[in-house]
Amino acid sequence: MSYFEHIPAIRYEGPQSDNPLAYRHYDRTKRVLGKTLEEHLRIAVCYWHTFVWPGQDVFGQGALRRPWQQPGEPLERARQKADAAFAFFTKLGTPFYTFHDTDVAPEGANLHEYVENFARMVDYLGEHQQASGVRLLWGTANLFSHPRFAAGAATSPNPDAFAWAATQVCHALDATHRLGGENYVLWGGREGYETLLNTDLAREREQLARFLAMVVEHKHRIGFTGALLIEPKPQEPTKHQYDYDVATVHGLLTQYGLQNEIRVNIEANHATLAGHSFHHEIANAFALGVFGSVDANRGDPQNGWDTDQFPNSVEELTLAFYEILRHGGFTTGGMNFDAKVRRQSVDPEDLFHGHIGAIDVLALALERAAVLVENDRLDALRRRRYAQWDSEFGRKILAGGYSLQSLAADALARGVNPQHASGAQERLENIVNQAIYALR
């Protein structure tokens with residue numbers, strides 16, 4: 001019997017439905033700005049929180065009792081987990097999924113066993129993909145859970161740990177390519193430090209850059225045409241991570257000439273941990289030319305750690321989608337639910353409730369963001385604010401037509417007297433609220 005056999009396929013039933021196992025707002029075929037909601041959102045379910053996490057926290061052991069998490073032959077349990085995962089994807093009706101290598105295959109006792117186990121499970125995932133039509137949004141390697149990576153992977157003081165990590169990424173990237181994945185993600189969970197007293201910052205940055213360059217080289221060697229993405233996070237599990245936020249990642253990539261090879265996968269909860277809004281990180285990624293994909297979740301404002309809850313704020317996501325839509329939407333990226341049910345949510349239905357609610361929130365937010373894009377009121381006020389830079393004088397400054405000295409002389413000769421214009425923040429906020437809360 002399938003773990004989810006008693007749960008029906010999730011269908012769109014409209015806003016008036018009181019069926020908890022139905023979409024009220026996500027009509028995947030509805031067209032918005034020339035695309036269907038499914039094409040815009042490109043929703044993915046993550047393997048790790050949904051099928052791997054046993055429900056433990058720092059104060060208690062696992063509270064979940066999934067069948068594939070019980071003792072048994074490791075590869076058989078991995079296949080059982082894959083069966084449940086694809087049953088879930090198809091019942092939910094989501095087009096994509098994501099995984100770490102060790103989510104889908106047992107690691108084994110050594111590197112040879114890792115390679116063999118992973119290869120077998122990649123074959124099995126490929127069969128499920130072909131049968132279901134579910135696609136891989138991105139793959140990645142877990143370079144943070146095992147004690148060998150306690151001091152980092154690429155930034156480890158032990159080159160053997162670096163080599164082990166390189167082996168995992170080599171095979172995970174190969175697997176992503178083989179499974180038709182559209183991106184490959186690098187998250188440096190332990191690429192950072194716990195104390196500066198034993199850390200050589202310059203050396204560790206050089207090691208990290210070398211590792212990234214090797215990944216880029218391998219991508220081109222195997223002909224992988226998807227995007228390479230770094231996922232920024234400021235801390236946790238380390239005190240400070242080298243991929244702190246979007247700007248920090250861009251600075252690292254630029255320093256080592258990798259800015260045209262790697263983009264970013266932005267997680268909402270990581271943005272808030274870095275002291276930024278989700279909106280800020282997405283807007284900054286577009287401004288720096290490195291936007292790639294999104295991990296959709298939320299944190300708890302009263303907690304200082306990564307709670308990975310399902311997103312539930314239409315307001316927050318409307319602004320995020322506004323930035324994405326006004327820049328043309330996703331290309332290879334999508335909305336991956338890097339979110340988990342709470343430790344007390346032990347029923348199979350809880351997995352569906354979490355995803356259904358979050359998917360409806362995404363649909364609502366995208367439609368409201370589309371209103372902001374279509375009416376152009378925000379962009380019109382933004383263009384008006386900078387209009388003077390489009391004058392002959394403004395363009396001459398930006399084109400290098402003045403030196404500092406000649407511009408100072410010109411300002412003195414003209415007796416410039418700049419006048420401050422309103423930033424109109426209150427009006428702009430009202431425009432956003434009108435789009436979000438307008439009766440339909």
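Any Cβ shown, glycine's included, is placed from N, Cα and C.
Swiss-Prot lists Glu231, Asp295, Asp338 as binding Mg(2+) 1, and of Glu204, Glu206, Glu267 the one it places in that same site is Glu267. If you take the Cα of His270 (Mg(2+) 2 binding site) and the Cα of Asp103 (active site), they are about 21 angstrom apart, rounded to a whole number. Listed in chain order, the residues near the Mg(2+) 1 site other than Glu231, Glu267, Asp295, Asp338 are Trp187, Asn265, Ile266, Ala268, Asn269, His270, Val294, Asn297, Asn336, each with its Cβ within 8 Å of the site Cβ centroid.
Apart from the site residues Glu267, His270, Asp306, Asp308, the chain places the Cβ of Lys233, Ala268, Asn269, Leu273, Asp295, Asn297, Gly299, Thr307, Asp338 no farther than 8 Å from the centroid of the site's Cβ atoms, the recorded Mg(2+) 2 location. Annotation for the binding-site residues Asp295, Asp306: lowest Cβ count within 10 Å of the residue's own Cβ, Asp306. DSSP assigns Glu267 (Mg(2+) 1 binding site) to a strand segment in the three-state reduction. Between Asp295 (Mg(2+) 1 binding site) and His100 (active site), the C-alpha separation comes to 14 Å.
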